[in-house]
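Asker: Dropping a structure here in structure tokens format, bear with me for questions.
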Amino acid sequence: MLPTQDKIIAIVPAAGIGSRMGSELPKQYLLLDDQCILAHTLDRLLGHPQISQVIVALHPADEHFAALAQASHPKILTVTGGGERADSVLAALNRADEHAWALVHDAARPCLAADDIDRLLAARSEFPQGAILAMPVRDTMKRADPKGRIQTTVSRERLWHALTPQMFPVASLRSHLAAALSAGALITDEASAMEWAGEAPGLVVGRADNIKVTHPDDLRLARLFLTRANSALG
Ligand SMILES: Nc1ccn([C@@H]2O[C@H](COP(=O)(O)OP(=O)(O)OP(=O)(O)O)[C@@H](O)[C@H]2O)c(=O)n1
Ligand SMILES: C[C@](O)(CO)[C@H](O)COP(=O)(O)O
């Protein structure tokens with residue numbers, strides 16, 4: 001079933017606890033200038049003219065989302081997330097129009113730019129199987145041994161950092177993700193579920209400032225990028 005080219009649903013896994021951030025609050029609710037990380041992320045998606053719905057997967061015990069201004073936006077639908085990110089994404093996919101395209105984007109990536117979304121959406125004709133935003137690796141890559149010493153240098157030839165959004169037809173992503181999880185496959189992004197099913201998603205070069213806020217020092221960088229983006233908008 002080919003998706004209708006014009007219906008785009010954003011899916012935002014936001015049910016994590018942010019353990020690597022080490023904060024009291026789940027990291028998606030940490031303040032970044034004038035609002036929390038999740039609010040910034042939702043604004044980027046809600047503000048894109050081609051995105052008709054945003055499905056947000058929340059932690060079962062989430063007590064913060066309802067207080068966000070974005071919570072009452074007509075495009076927003078919430079679902080209860082699962083134990084892992086992939087479970088949260090599947091829970092959202094189960095509520096999505098099966099004829100649409102899904103754009104899965106981490107709540108923890110608040111600096112997403114509109115031109116990144118535009119570039120990914122434009123790639124549907126080149127990659128009808130789906131595609132992800134990604135960044136070619138720039139540094140020499142090392143694999144460590146168990147004692148934290150260099151074991152080997154990994155070739156960075158055709159090596160990319162996977163980012164989000166990751167864009168796939170709802171029907172095929174839902175089917176492959178459910179099958180991969182049932183098979184016990186390790187799924188850390190949507191593309192790995194599609195790869196598990198034998199697909200070869202496209203790679204679309206994304207911006208370096210589309211960082212995932214994971215550790216405390218990422219907050220300072222995210223603030224810098226948001227401030228720069230806001231001043232560019234005037
Ligand atoms: N069961 C989970 C786990 C994660 N996520 C979401 O997936 C995104 C990327 O995951 P990550 O950065 O790992 O967030 P956390 O799992 O919260 O962080 P940590 O691994 O440090 O606990 C985040 O927006 C997070 O909220 C989710 O929806 N459901
Ligand atoms: C989906 C992702 O952001 C792509 O790089 C990444 O896999 C998420 O990993 P996390 O450990 O769940 O943050």
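Just so it is clear, glycine is given a Cβ too, placed from its N, Cα and C backbone atoms.
Any TrEMBL annotation is an automated prediction that lacks curation.
Relevant sequence annotations retrieved from TrEMBL are reproduced here:
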- R20: site 'Transition state stabilizer' (SITE)
- K27: site 'Transition state stabilizer' (SITE)
- R156: site 'Positions MEP for the nucleophilic attack' (SITE)
- K212: site 'Positions MEP for the nucleophilic attack' (SITE)
Asker: Can you tell me how many other Cβ atoms are located within 10 Å of the Cβ belonging to K27 (site 'Transition state stabilizer')?
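Answerer: Other Cβ atoms within 10 Å of K27 (site 'Transition state stabilizer'): 25.
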Asker: Can you count the other CB atoms that lie within 10 A of the CB of R156 (site 'Positions MEP for the nucleophilic attack')?
Answerer: 13
Asker: Consider the recorded sites K27, R156, K212 and say which one has the Cα lying nearest the Cα of R20 (site 'Transition state stabilizer').
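Answerer: For R20 (site 'Transition state stabilizer'), the closest Cα among K27, R156, K212 is found at K27.
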Asker: Could you list, ordered by sequence, which of these recorded sites: R20, K27, R156, have a Cβ under 6 Å from ligand 2?
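Answerer: Cβ < 6 Å from ligand 2: none of the recorded sites.
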Asker: Specify the count of other C-beta atoms within 10 Å of the C-beta of R20 (site 'Transition state stabilizer').
Answerer: 13
Asker: Which residues in the same chain, at least 6 apart in sequence, have a Cβ under 8 Å from the Cβ of K212 (site 'Positions MEP for the nucleophilic attack')?
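Answerer: Set apart from K212 (site 'Positions MEP for the nucleophilic attack') by at least 6 residues yet with Cβ under 8 Å, we have D106, A108, R109, L163, T164, D218.
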Asker: At the Cα level, what's the spacing in Å between R156 (site 'Positions MEP for the nucleophilic attack') and K27 (site 'Transition state stabilizer'), rounded?
Answerer: 31
Asker: Per DSSP, to which secondary structure element type does K212 (site 'Positions MEP for the nucleophilic attack') belong, with helix, strand and coil as the options?
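Answerer: Going by the DSSP assignment, K212 (site 'Positions MEP for the nucleophilic attack') belongs to neither helix nor strand, so it counts as coil.
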Asker: Helix, strand or coil at R156 (site 'Positions MEP for the nucleophilic attack'), per DSSP?
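Answerer: Looking at the DSSP assignment, R156 (site 'Positions MEP for the nucleophilic attack') belongs to neither helix nor strand, so coil.
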